[in-house]
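If you check Swiss-Prot, you get these features:
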- Arg129, Arg169, Gly175, Gly176, Lys208, Ile210, Glu215, Gly241, Ile242, His243, Gln284, Glu298: ATP 1 binding site (BINDING)
- Gln284, Glu298: Mn(2+) 1 binding site (BINDING)
- Gln284, Glu298: Mg(2+) 1 binding site (BINDING)
- Glu298, Asn300: Mn(2+) 2 binding site (BINDING)
- Glu298, Asn300: Mg(2+) 2 binding site (BINDING)
- Arg707, Asp746, Leu748, Glu752, Gly777, Val778, His779, Ser780, Gln820, Glu832: ATP 2 binding site (BINDING)
- Gln820, Glu832: Mn(2+) 3 binding site (BINDING)
- Gln820, Glu832: Mg(2+) 3 binding site (BINDING)
- Glu832, Asn834: Mn(2+) 4 binding site (BINDING)
- Glu832, Asn834: Mg(2+) 4 binding site (BINDING)
- 133-327: domain 'ATP-grasp 1' (DOMAIN)
- 671-861: domain 'ATP-grasp 2' (DOMAIN)
- 930-1062: domain 'MGS-like' (DOMAIN)
- 1-401: region 'Carboxyphosphate synthetic domain' (REGION)
- 402-546: region 'Oligomerization domain' (REGION)
- 547-929: region 'Carbamoyl phosphate synthetic domain' (REGION)
- 930-1062: region 'Allosteric domain' (REGION)
Amino acid sequence: MPKRKDIHKIMVIGSGPIIIGQAAEFDYSGTQACLALREEGYQVVLVNSNPATIMTDTTIADKVYIEPLTVDSISRIIRQEYPDAILPTLGGQVGLNMALALAKTGILDELNIELLGTKLKSIEQAEDREQFKNLCKELGEPVPPSKTVNTVEAAVEFGDEIGYPIIVRPAFTMGGTGGGICHNRKELAEIAKNGLELSPVTECLIEKSIAGYKEIEFEVMRDHDDNAMIVCCMENFDPVGIHTGDSIVFSPSQTLSDKEYQMLRDCSLKLIRALKIEGGCNVQLALDPNSFDYDVIEVNPRVSRSSALASKATGYPIAKMAAKIAVGMTLDEIKNPVTGTTYAEFEPALDYVVCKIPRWPFDKFQKADRTLGTQMKATGEVMAIGRTAEEAMQKAVRSLEIDEKDLYSEEAHRASDDKLEQKLVKAQDDRLFYLAEAFRRGYSLEDVHELTKINFYFLDIVKHMIEMEKELKENKDEVDILRLAKKYGFSDPTIANLWGETADEVRDFRKAHGIIPVYKMVDTCAAEFESQTPYFYSTYDAENESHRSGKKSVIVIGSGPIRIGQGVEFDYATVHCVKALQKMGYEAIVINSNPETVSTDFSVSDKLYFEPLTLEDVLNVCDLEEPEGVIVQFGGQTSINLAAGLEAHGVKILGTTVKDVNRAEDRKLFDDIIKELKLNQPQGLTATTHEGVIEAAEKLGYPVLVRPSYVLGGKAMEIVYNKKELEEYLQDHVDIAADHPILVDDYLDGRECDVDAISDGYDVLLPGIMEHIEHAGVHSGDSMAVYPPQTFTDEIKEKITEVTKKLALTLNCVGIMNIQFIVRDGEVYVIEVNPRASRTVPFLSKITGIEMAQVATRVIMGESLKEQGYGDGLASEPDMISVKAPVFSFSKLADVDSYLGPEMKSTGEVMGSDHTFAKALYKAFAGAKMQLPENGNVLLTIEDRDKDKILPIAKRFARIGYRIFATKGTADFLKKNDLHVDLVTKVHEDEQADDNILNELRNNKIDLVINTMGHDIEKNSDGFIIRQMAIQQNVPLLTALDTADALLTALENRSFATDALQ
C-alpha cells in the first residue's frame, strides 16, 4: 500500500547518550530514519539528549530538540508540537521504553497520537518475558524452561526446582543489563535482586541455561501486508552464554547446514508474523550443535545493534526501510537504494565473509572484572570484510587498535599451561589470543573444544592461521607462501616479524612481485544485478572493482571503534568534513572500520572503504586512489597516529603538517614553544626511568600529575599525593622508554576550560570557551562544562583568546585545534594543545551555529576564514546557556572504580540548554538520569582534606529539606557546626545493623551519595565499597564537590527556601 496521507508530522525519539549496550548504532539508524521520512515528505520532530551525534544536527529533522529523555520533558514537547504520530522503534531500548511510559500516562490517547511501526501490544508481547514465552508455546516454538518472577524468593524457589546453571534476564532492559548466569543459590539471589531493581517493570525471567549451544541471529523485516524477509543471518563464534554484543560474530552463518538454516529461518519468520512487527526486528536462537534441537532466546522488536551490523554487512539499509514501512509502504514498492533496480523484498546475498569483533574498555580499566557473560561490557565494535573467514578475522583483529596487531599476544605467550587453560575455560576479552597460543603449543582441536565449547569449524579457522604462521616462518621470502598468506589476511608487519624484516621491506617485496590488493564492491546481491554502490573492501583476488573517477579526491580517515576517550564525537567531525569536501567539488573518500557509525553509511561519502585503520591498509587505498591528500584532523588520535607514516611514504597530509603536529605533541618541543612565547604553564619535568620520575616528583613537590606522552582520554594519568602512591602507579601502569617518556607536572588546583580554535595561518577563530564545572584534576571528558563561561571575566576571556592565537600561529596550525587551560588567581596556564578536532566539536557546533568541522575543512583546502565570512578572535556568545554532562556505564563494569580523576571513564554525554544556568544544569542532570527528589536523604563520605569545603554544601542541602547522613568523623564535624546529622556506622563496623552504611543503601534509604574518598582505590577499602554499592543500587553518586555544588544550584532553583525572619 502507498504511504499514508493522513499523517503529516512525526516525532522520532532518539536513544540518548552512549552507554555500554547502546552505542553509535542508534545515531546511524536514527539519522537514516529521519532522512527517510523527510524523503517521503513528512515533517520530522526529533527529541534526543545527545549533542555528540549527527542525528541531532538541524539538517536531519525539521525540528530538533536536544532535551532530557524523560516523560515530563517529552510530554511538554508533544503539547508544543502536536505530532500526528511517534516512531519509537529506532531509538534503541531507551526510545522504546519512553514510548511505553508515555502511553501509560494517557497523553497519546488524549491527543490522539498514534505509535507508528510495531504496535504497543506487539512490543509488550516481545519485551515482556512471560507473554513472549506463552506466545512461543502457542506457536509450538521451543523455549528453555523458565519462569517470570517479581521477587528474589520466587527466583530462588524456581532455581532450586529446575537446577543450575540458570540465566537471569530482566524485562525491558538492553545490553543484558542486570542479568547473568548463576551457578548456585547465592549467585541467583544477588543477580535476581539486581535485575529486579534495574527492570523498569520489576520483572525477570529465570531460565534454564543453554550455555554451549550455537548462537544464531536473524535480522528480519516485515511490512503491513505481511510480506516478510530475512536481511541477514549471523553466527556467533562464541557459544550461548556470552552476550551477543560481546561475541565475535560472522555473517553469513558459517556452520549451518541447509536444513538447519531453513528451520531457523522459518522459525524467525513465524515469530515476526505472529508478533505483527512492522519494520525491522532481531531474532536470537540457540541451536544444539549435536542435533536439530533449538530454542528461541529472544526477539528485539526494534532496530538494534545487530541491525547496524547487518546493514553494513549486507549494504541493505534496515533503518531506512523500517521507517518507510512504518508509514505504510510495503517491501515490494520500496526501491533497494543499493542496486537502484531491485526492490526491498529481495533478500541480500553475500559473496564474502564479514567478521565483527567487540572493542572492550579494559585497556582503560585494568582492575575491572574482564569475564564475559550475559551482561554486555564492550563499548564498541569493528567489522572487517574478506573473501575467507580467516582474512575477515585477521583484518578485524588489526582494526581493534589494541596492543595486539595479530593473533600473537606476549601475555598469552608467557602464560603457563595452567593459566592458558583457565583463560580458555573462563572467557575474557583476550580469549582469541589464548586460543591461538594453545594451537602454537600443539593442543588439538578436541582439547580446545572441550575447554571452550567453541564450534570445531571456528577453532579450525584459528588453527589454520597458526599453521600458516609456521609456514611463513619456515619459508622466508617465498613468493607463493606470501601470496597465500595475504589471501588469509596476514599483514605486512606480521609477516615482517616472522621473517625478521621490516614492514617496509615486506611491502616492497610484495609489490615487486605484483602482490597487491584488489577492491570488491558490497552490492547486496552477490553481483547478480548491476549495482552502483561506492562501498568497497580489500582482498587478494583477481579482479579489481574500484576505479579512480578522474575527479580531484581527498581521503578522510575515520576514528575506528567507539572506545572511552574516542567516541561518536569524532565520527560527527568526520561526516562534516566529508560534507564540506563535497560542497567544494571534491570526491570525498572515507576509510573506517566501525559498523555502528554514520560515516560508514555508503550514502554519506562518494566512496567508502571498509578497512582497518593501519598504515598498510590506508596506504593500499592511497596507492589506488592517488588523492590530492589525506585529512587526519577529525579521526581522533587514531588518524593523527597514522600521519607520520603516511607522509614518510609520500602521501600528502592536508592541514597542519606532521612536523607541527609533533611540535604540539612532543613534550620537550612544546615546552620550548611555551618558553619562547613567555606563556604560563604548570611546572613540569620529563623522565625516562622510574628513578627519574620519583626524583622529578620530589623536586616539584606533591601532589603531582603523572602521565605518559602521546595518549588520548587521559589513559594512565593520575594525581599522586605521595611517594608510595607514585611507586604503585609506576608498578601498575607504565612502560617507560627513551621514546616514551613520563610527564610529571605540578598539580594546579584551578578552574579548567577547553577552547576549540580554527586557524588559517593568518586569522584564528575561537567559536567558544567551555568552562569546566569541576576543578582541575577531573579529565575534561568527565567534567561537566558550561558555555558561555559563568565565572570568567572579560579580561580572562581576552587572555585566553590572545594565548590561543599566539599558539595557533606559532604552531602553524591550519585547520582545527583544541587547547586546555587552567585559570587560577586571574592567570591563564596552558595545560596542553591537541592539533586536531576534540570531543567538544559537536557540542560547540550545535550551540554556536558554527559548523566547526566544515569551516576547518574549508580552511584545510585553502579557503580563508575571511572568505568564509568569519572574523578573528572570540565569536560572540549566544543568550542561551548550555551545559554538557558526562554519562557513565559503571553499572555494566564490576570492579571499576567510579571515583573521577584525570583518566577518562565516561562513555557518553548529554546537553541541557536554557535561559538560566540553574535551569540548564537541571536539564543536564535530568538527561544524565540524575533526577533527584526536592527533598530526600544525602549520604556524605568525605576525605579529611575536604571537610571545610563540605560544610557550606551540607548547609545548603539542609536548607532545601534534605536529611544528612554521615559516618562518625564527618558527622562530628558537621554537628559542631550546628547541623543535624543522622549517624551511620562504617562499612566494616557492625555489618548486620540497620544503620550500617551499606544496609542504608541496600534498603533504599539514600537518594544521593557524595563520596570524595579518592585514596580508597583497593577493592576492600571503605570508599571503594560505598561507591560500588551506590552503583549497584542505582543511587546517584558524585565524587567531586564542584559537581555537588552544581547539583545544588539546580535543586535550589526548583525548591523554595524556608527562612525565619529573625
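Each Cβ is built from the backbone N, Cα and C atoms, and glycine gets one as well.
Taking every pair among Arg707, Asp746, Leu748, Glu752, Gly777, Val778, His779, Ser780, Gln820, Glu832, the residues recorded as binding ATP 2, the greatest CA to CA distance is 18 Å. Long-range Cβ neighbours of Ile242 (ATP 1 binding site) (same chain, at least 6 residues apart, Cβ-Cβ under 8 Å): Asn236, Leu372, Gly373, Thr374, Ala427. DSSP gives Leu748 (ATP 2 binding site) a coil state; it is part of no helix or strand.
Rounded to a whole number, the distance between the Cα atoms of Glu832 (Mn(2+) 3 binding site) and Leu748 (ATP 2 binding site) is 14 Å. Secondary structure counts, DSSP: the region 'Oligomerization domain' (402-546) has 78 helix, 11 strand, 56 coil. Of all the binding-site residues listed (Arg129, Lys208, Arg707, His779), Lys208 has the fewest other CB atoms within 10 A of its CB. Within 10 Å of the Cα of Gln820 (ATP 2 binding site), the following binding-site residues from the list Arg129, Glu215, Glu298, Asn300, Glu832, Asn834 place their own Cα: Glu832, Asn834. Between the binding-site residues Gln820, Asn834, Asn834 has the most other Cβ atoms inside 10 Å of its own Cβ, all protein chains included. For the pair formed by Gly777 (ATP 2 binding site) and Glu832 (Mn(2+) 3 binding site), distance between Cα atoms is given as 14 Å, rounded to the nearest Å. The C-beta environment of Gln284 (ATP 1 binding site), restricted to residues of the same chain at least 6 apart in sequence and closer than 8 Å, consists of Glu215, Ile216, Glu217, Thr244, Val296, Ile297, Glu298, Val299, Asn300. A sphere of 10 angstroms centred on the C-beta of Asn300 (Mn(2+) 2 binding site) encloses 24 other C-beta atoms.
Counting other Cβ atoms within 10 Å of each Cβ, the lowest count among the binding-site residues Glu215, Glu298 belongs to Glu298.
Within the set of binding-site residues Arg707, His779, Glu832, Asn834, the entry lying nearest in space to Arg129 (ATP 1 binding site) is His779 (CA atoms).
DSSP assigns Lys208 (ATP 1 binding site) to a strand in the three-state reduction. Neighbour density at the Cβ, taken as the number of other Cβ atoms within 10 Å, is lowest among the binding-site residues Leu748, Gly777, Glu832 for Glu832. When pLDDT is averaged over the region 'Carboxyphosphate synthetic domain' (1-401), the result is 92. For the pair Lys208 (ATP 1 binding site) and His779 (ATP 2 binding site), the C-alpha distance works out to 44 angstrom. For the recorded site, Arg129 (ATP 1 binding site), the DSSP three-state label reads helix. In the three-state DSSP reading, His779 (ATP 2 binding site) counts as coil.
Across the domain 'MGS-like' (930-1062), the DSSP tally of helix, strand and coil residues reads 56 helix, 19 strand, 58 coil.
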